[in-house]
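Noted in Swiss-Prot for the protein shown:
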TRANSIT   1-53  transit peptide
BINDING   Thr132, Ile133, Thr134, Asn153, His372, Gly373, Thr374, Val375, Ser376, Asp377, Asn391  NAD(+) binding site
BINDING   Ser151, Pro152, Asn153, Gly154, Ala155, Met156, Arg157, Arg187, Tyr194, Lys266, Asp311, Asp335  D-threo-isocitrate binding site
BINDING   Asp311, Asp335, Asp339  Mg(2+) binding site
DOMAIN    499-534  domain 'EF-hand'
BINDING   Asp512, Asn514, Asp516, Phe518, Glu523  Ca(2+) binding site
Amino acid sequence: MSSLSTLRILHSTAGRRWASYYGIYPKSAACSSSSVAIARFFSTAADRPPKHAMLSVENKVVAPPMVYIAGEEMTRYACDLVVKSWLEPYFDLSQWEYFDLSCVNRDNTNDQVLRDAVTAGQRIGAIFKEPTITPSAIQKKAFGLKNSLGSPNGAMRAGWNGITISRDTIHIDGIELGYKRPVFFERHAVGGEYGAGWSKVGRGTLLTTYLPSDGRDPFVVDKRDLTDQHNVVVTYHNPYDNVEPLAHLFFQRCLDANITPYVVTKKTVFKWQEGFWAVMKDVFDEHYKSRFEEKGLLQACGGDLQHLISDAATMQLIRWTDGGFGMAAHNYDGDMLTDQIAQVHRSPGFITSNLVGKAPDGSLIKEFEASHGTVSDLWNDHLAGKETSLNPLGLVEAIVGALQHAAVLDAEKNPDDEHKVKARDQIFNFTTTLRTAMHNTFRYGQGTRDMSGPSGYTTEDFVRKVAWRLQRYLDAQYDEAPPPQLGEPSRKLRRNYDIDEEAINGLFQKYDKNGDGFIDFEEFTRMLVKMNLAPLLTKKEKEKKPDV
């Protein structure tokens, strides 16, 4: 069968369905003219980045200044693999500032490294942080630490004037994880139990006294008698000056993503939480309500911004699996509710965690990290010489977010520097292509074992496979061919024909002989012959064909 015949099949209705769903993408140089035509079939010119936005191994881009905070254990190992395999081949990372926040290094420097990292973050404004360990008493002994180390997060939130911790669901086209559409969450970054002072006390009287800074007379906020022999007293407060910027960030993000916003408190019991809701509602009514109405985004919630009691929010998170909503809450409620979102959406590995603060000049400071920990169990397996299979998706989303924010800040600070503007465009093209390469690897059944089962790739093999696919996609951009855009069978097709996607995936694996996630011309031909779908030559065409 000729290359031209293949093109005719691809442009038929059935052919388009096969090509789109399976991502058939020619890889043989033997049919180069057809390869270009088939590649163009998958996208319009608008899908292809401009030439100046492309980069390659031979044309490294100087990455903009960024703070890179190293952590511990398996996630540190995985991030090292990712940076070496996916970033260093394409970027000069010499402008990044590195800080090692491992327990041992924090202990050796008496936590000066943490203070230095916070200072650098204030200055640069774009930070990536690997998961770190806040050592328990047992870990302190195991690591041989001199000092008791607290969580670095409090110092970071204070030093970067933290406003909110944005936690959003991560989605892979074609793979249903939990929520079908995005779910956004804004967690107030300061206040509450996380900054509390406390002490163990016995019987007595506890006074909480407020001393105004303007010289007014102090007064007692709370007085209580402690009659138990053993008590723990806790004091904390909730700063509300930054709730207004939190509201603007939240509502604008929901508006941009076309999702419906909700505000969560327990103000019916905790009367002091009324102020949070009041500020959010005022900002919404004055600046955003009409814009949400224009988009029809309030129809699902009675035509206005809705308040949810935190107890009710826990139930709705389980029920609203179609997604398409956002929530904003206090620090502690936000922590608990986003853990629940992670469970509905498969795992914390599919949730982002971005701290947003504000620099003195008004620009946003953004710190990006995965919402999971250091994955100690896999680290212990790795140290024991066992195979591991860590899904780095959350880590990579954080690196991508930090890299993009760094590029935006650098271009904004240097608007007349064409090299900075060009680098920003190149970085956004690269990160988009990286996401496509990583997501397609999962979709081809070549993911880690949490996604692909026992036959899934190891940590190292997955990184290598994505690196191979990333280079392939970037190289293809120079040839005017974009990364393949995998399409889903239409919902109408699924409904009418009861599509068995597992069986289809098995069929794809059967004909993808070399397991690279592509069906080339030869494999495609073999598949059509086996299925009795190959177009046959007419008698007239057969007579003309030479017998060789």
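Yeah, the Cβs are placed from backbone N, Cα and C, and that goes for glycine too.
Here the features listed in Swiss-Prot are placed on the structure.
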residue : record                          : DSSP (3 states)
Thr132  : NAD(+) binding site             : coil
Asn153  : D-threo-isocitrate binding site : helix
Asp335  : Mg(2+) binding site             : helix
His372  : NAD(+) binding site             : coil
Phe518  : Ca(2+) binding site             : coil
Which is it, of Thr132, Asn153: the one of these binding-site residues whose Cβ has the most other Cβ atoms within 10 Å?
Thr132
Quick one: what's DSSP say for Asp512 (Ca(2+) binding site), helix, strand or coil?
coil
Need one number for the NAD(+)-binding residues Thr132, Ile133, Thr134, Asn153, His372, Gly373, Thr374, Val375, Ser376, Asp377, Asn391: the maximum pairwise CA distance in Å, whole number please.
24
I need the most crowded of these binding-site residues: Ser151, Thr374, Asn391. Count other C-beta atoms within 10 angstroms of each C-beta and give me the top one.
Asn391
Hey, how far is Asn391 (NAD(+) binding site) from Asp339 (Mg(2+) binding site), Cα to Cα, in Å?
18
C-alpha spacing of Ser151 (D-threo-isocitrate binding site) relative to Ser376 (NAD(+) binding site), in angstrom:
17
Which ones in the same chain are close to Tyr194 (D-threo-isocitrate binding site), with CB under 8 Å and 6+ residues apart in sequence?
Asn153, Gly154, Tyr236, Asn331, Tyr332
Have a look around Asp311 (D-threo-isocitrate binding site) and count the other CB atoms within 10 A of its CB, chains all included.
11
